[in-house]
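I have placed the structure first, in the form of structure tokens, so that the comments after it can refer back to it.
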Amino acid sequence: MTQAADTDIRVGQPEMVTLTIDGVEISVPKGTLVIRAAELMGIQIPRFCDHPLLEPVGACRQCLVEVEGQRKPLASCTTVATDDMVVRTQLTSEIADKAQHGVMELLLINHPLDCPMCDKGGECPLQNQAMSNGRTDSRFTEAKRTFAKPINISAQVLLDRERCILCARCTRFSDQIAGDPFIDMQERGALQQVGIYADEPFESYFSGNTVQICPVGALTGTAYRFRARPFDLVSSPSVCEHCASGCAQRTDHRRGKVLRRLAGDDPEVNEEWNCDKGRWAFTYATQPDVITTPLIRDGGDPKGALVPTSWSHAMAVAAQGLAAARGRTGVLVGGRVTWEDAYAYAKFARITLGTNDIDFRARPHSAEEADFLAARIAGRHMAVSYADLESAPVVLLVGFEPEDESPIVFLRLRKAARRHRVPVYTIAPFATGGLHKMSGRLIKTVPGGEPAALDDLATGAVGDLLATPGAVIMVGERLATVPGGLSAAARLADTTGARLAWVPRRAGERGALEAGALPTLLPGGRPLADEVARAQVCAAWHIAELPAAAGRDADGILAAAADETLAALLVGGIEPADFADPDAVLAALDATGFVVSLELRHSAVTERADVVFPVAPTTQKAGAFVNWEGRYRTFEPALRGSTLQAGQSDHRVLDALADDMGVHLGVPTVEAAREELAALGIWDGKHAAGPHIAATGPTQPEAGEAILTGWRMLLDEGRLQDGEPYLAGTARTPVVRLSPDTAAEIGAADGEAVTVSTSRGSITLPCSVTDMPDRVVWLPLNSAGSTVHRQLRVTIGSIVKIGAGS
């Protein structure tokens, strides 16, 4: 069970109190609730409204106990333990037992007999406690109260008001944890019910948690409703693949098909919460375009159609093509692969292909970022943890919007601000809704001005806070697009002594970094340029030497492929639309003589590949993700045996391919990869210095122009959300954000259409007038009607044209 919400024993030795429960003395920290003290003794007091991560409310009254000296039973979930208190639970007190039976009878008066068809049946606290702490029959003979059922809270959450027992778990979660007022208690007395605000848009990223913590079947998920009973399902622990938060999850499946995912209980990471994307976006792995067999070009013709073939034949064709291009092959690895798979790509590139041309950053990036990662992040023990965020004297965010880019970081920062008064500052163009929910403070900055803003913080009130032990600076991957941004963040950390954390958006990026999938890094954060580091890797891999010259980054690989300097590409799980210029990526693939793709589903990359190998989704393979903290999150396959897909883990495909090329890769299993990585360990030598890139400062747009800024929303047009229409239904409405003066300059009013354009395309969306710097325009990067990279062919920091109308 997660640490009780009412107890804070983080610092020093807590003051203790001693009480007696059912005749047994127990000492607990001062402030502990009676219900928690009973739990420590193994006594389970029935309850519905109580939740260890929510503030106590005493709404359901089911946890009544007898307390010596009190005139009537007290709710144990709101009663604080005190010295010499004597408590008797339902196990030893007839008064407590009778009170609990009476409350249960009242709760069941209007509760429908839906158990045979209710989704909660079989895992329902009300069902279980009605049996253990309720009457065997009902004395109520009148007609039960009824409501229309169900009503839509959102596209993915349904409310059955007849089943609701008014425990207020859902409303407290929305208010206390998520900060989204999407559900509340309405009316009073016998008319009281849970409802939504008619004039408020439903825009919570965390609504699915209310379904999970509902103690009855009042809140259900649209996608799972009437699909299965809990006792029909097999449950497997898993790890979320959608972002770098590293959430523990539970995957429930039946007959080889995943039916639902729930948040796992991990107090050190996601506590008991997850975001809606992690909960519901899993159907992408069962779409009709999933690749189920290896593919090659018909008759070996580069322009021929892709046709199914055997694994052995596909291996032979791929081995022949890659062997012919040895030393002239680039490796592009997406940021979604596991730690072990990334290691296999890094090792395959070096010893099988003889190249350091490998990069996991299939997105806008920079050489400065590579230097920053090598100097500050790779091969280092966990510098900042989730717990550190709660105890920090200050947290500074730059190039990072946690609610959209790492939702569990957002929840932890909101908790830190709300419960521990941790001040959160962000360097950004405007204050987002997420920042308001964290009670955060904005350091308003023009895109490109982040380095100057960071330098200015070295002195003053914020600088003093950052100089306090435990202070944290969190940088997102978007800061890589600002020249001098990461250098300034590192400089500020050095000046103040603050700890530095890097939060990528994708689940596999930190693991790929630690695995050495960068052109200048070897596994464990070893610098490629260091002779000792290369010697260590050579010894571990049982080879004489490694290629010593620094390789090309992703942009360099694509440019070299486009001009035919490179003869082949090995591509693992990239999306061209993630790059600033998707057309350039596709042109590079078209120009490459030989392309091997390892992919889950058909894509623009597989259409251009000469050999395609199907790879398995996370539900069908073992592996590990490394989250933003540097914490290793291992998982086993949830689905075993025969399924619809015949894909293998990337490392198994690469191991077999290396064998066909006459090279022993040595990673046929995740255990083998982990053993090698453990033997190598992290680099204990000198890390590269840097980065030291000078800032160029923000550009100056003319009238009718603006600097583009933006980020990807959590719920957008990403392919990992394919097949989940209910989730897409609650994505936030895409808008163009402009300052009042900029909107007036182009003659646009709030809500009117604004067009953002370049010489290569345009985007038209409603205008949202926002308090932000002038001649700056914000767009969601990959939402419906606003796929910036595909439509504009530029990325953030570029100058674009803006105008009213379409």
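Keep in mind that glycine also has a Cβ here, set from the backbone N, Cα and C atoms.
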Return the residue out of C170, C275 that Swiss-Prot annotates for the same [4Fe-4S] cluster 3 site as C240, C243, C247.
C275
Per Swiss-Prot, which of C124, C214 sits in the [4Fe-4S] cluster 2 site along with C164, C167, C170?
C214
Looking at the binding-site residues listed here (C49, C77, C167, C170, C247), whose Cα lies nearest to that of H111 ([4Fe-4S] cluster 1 binding site)?
C167
Write out the long-range same-chain contacts of C170 ([4Fe-4S] cluster 2 binding site), meaning residues 6 or more apart in sequence whose Cβ is under 8 Å from its Cβ.
I183, V194, T210, I213, C214, L219
Could you round the CA separation between C275 ([4Fe-4S] cluster 3 binding site) and C49 ([2Fe-2S] cluster binding site) to a whole angstrom and send it over?
22
For each of C63, C77, C167, C243, count the other CB atoms within 10 A of its CB; which of these binding-site residues has the top count?
C63
Beyond the flanks of the domain '4Fe-4S His(Cys)3-ligated-type' (95-134) by 6 or more, those residues with Cβ under 8 Å of it:
46, 48, 60-66, 73, 88-89, 140, 144-146, 160, 162-163, 165, 214-217, 220-221, 224-226, 229-231
Tally every other Cβ atom lying within 10 Å of the Cβ atom of C60 ([2Fe-2S] cluster binding site).
25
With DSSP, how much of the domain '4Fe-4S His(Cys)3-ligated-type' (95-134) is helix, how much strand and how much coil, in residues?
23 helix, 0 strand, 17 coil
